[in-house]
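To keep things clear, I will list the structure first and then write my remarks on it.
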Amino acid sequence: MIGRFETLMTSLPDTAENEARERAGGWLRIDLDALKHNYTLLKSLVGPDVAVGAAVKADAYGLGVERVAPALYRAGCRRFFVATVEEGLSLRPVLPQDAALCILNGPTPGSEALLQARRLTPVLNSLDQVRRWSALCRGSFDRSTCLLQLDSGMSRFGLSGADLDILCAEDLLAGLDVTHVMSHLACADDAASPRNEGQRLRFEALRRKLPATLPASLAASSGVFLGSAYHFDLVRPGYALYGGNPSPERPNPMRPVVTLLAGMVQDRWIDPEVAVGYSARFVADAPTRIATLSVGYADGFHRRAGGLASAVLPDCPDIALPIVGRISMDCMALDLTALGDRPLPPGTGFELIGPHRPLDDLAAALDTIGYELLTGLGTRFHREYIESSS
Ligand SMILES: *Cc1c(COP(=O)(O)O)cnc(C)c1O
């Protein structure tokens, strides 16, 4: 119902909605249809025998977990990954009870009983976490599920080979209901890296130390594209669901989910030798049309983007309009000279990220990754969620 209502709001020229957008200065359009399409695409890639979970940590990569997670549930997702106990607690009431909610960073000391009471599923990353969870499970009839993480070479989370020997010698898994053993790839975005196979083989070797063969999970977004040897029983994509390119060497197979538009406040022609913005980092060398857009670094748009990135008008996407000068806290300057004298009313929206300005291209220009751009998106935007049916 809500989805349909919001679609009406976004597809009809609704004055109230337009005014709300303009008041915000910048607006973020999140296409839940594209999100669900991406989920289905990944599901079809791994086939019927492999489950597809979703990484929704960090507020679903900044896109709003309260809208994103239920949309993924409607697309068929039944396993969700967040980083912290706190994220799990706030997501639990948003999803039906049959959705498993996994805490990647594991139980914090003392949180075990709360995790069990709220039906949250910890990933156990260390002997310490295993011991604490097993102490809880020994004292209760409720066999709460957990995942066990093995360190296959990233040195971040998970049990080492030596830890596994202790785990087996002390029979620490007795009484635990481990649904999956998992690990994480460090270099999956570089399909040519020999470390991928190295980690996969190490993961297999570690798994064999365990008393029983348990279902396994290794791949996140990029790992899905390394081939079926990496899929095991469950994959855990995040970035690709949100439209990011999981295989940077190849064209992006995912549909864009995020569009970021910045509203224009004013524009003017400046003469040669006139400067723009803080520190006068840009000086016009010819008559130049400069627009001020209502998005700045406080909105997560990196201060260094001036001179490195561009925007477009969605109705003429072939004309790149460079961002010039230093980005300010609340605004930036755009060089509109290529548009000549085409009249543009205040409030005109320029695309900074979206179908014509891919997230991954902007990230590359700023020497970072799309993950950092998404999770850095600020809280001032007017957010619109597009969903044709729910
Ligand atoms: C974040 C994360 C994922 C998802 O990674 P993407 O690259 O966004 O697909 C999967 N597994 C673990 C352990 C993670 O930390």
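Along the chain as shown, the residues are counted starting at 1.
Glycine too: its Cβ is placed from the backbone N, Cα and C atoms.
As recorded in TrEMBL:
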ACT_SITE  Lys57  active site, proton acceptor
ACT_SITE  Tyr278  active site, proton acceptor
BINDING   Arg156, Met329  substrate binding site
DOMAIN    257-386  domain 'Alanine racemase C-terminal'
MOD_RES   Lys57  N6-(pyridoxal phosphate)lysine
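Positions of TrEMBL features highlighted on the structure.
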residue : record                       : Cβ contacts under 8 Å, 6 or more apart
Lys57   : active site, proton acceptor : Phe81, Val82, Ala83, Thr84, Glu87, Leu104, Gly238
Arg156  : substrate binding site       : His184
Tyr278  : active site, proton acceptor : Gly325, Arg326, Ser328
Met329  : substrate binding site       : Gly296, Tyr297, Ala298
Through the lens of DSSP with three states only, how would you label Met329 (substrate binding site)?
coil
Tally of helix, strand and coil residues over the domain 'Alanine racemase C-terminal' (257-386) according to DSSP?
25 helix, 52 strand, 53 coil
What does DSSP call Lys57 (active site, proton acceptor) in the simple three-state scheme?
helix
Average the per-residue pLDDT over the domain 'Alanine racemase C-terminal' (257-386) and send me the rounded value.
97
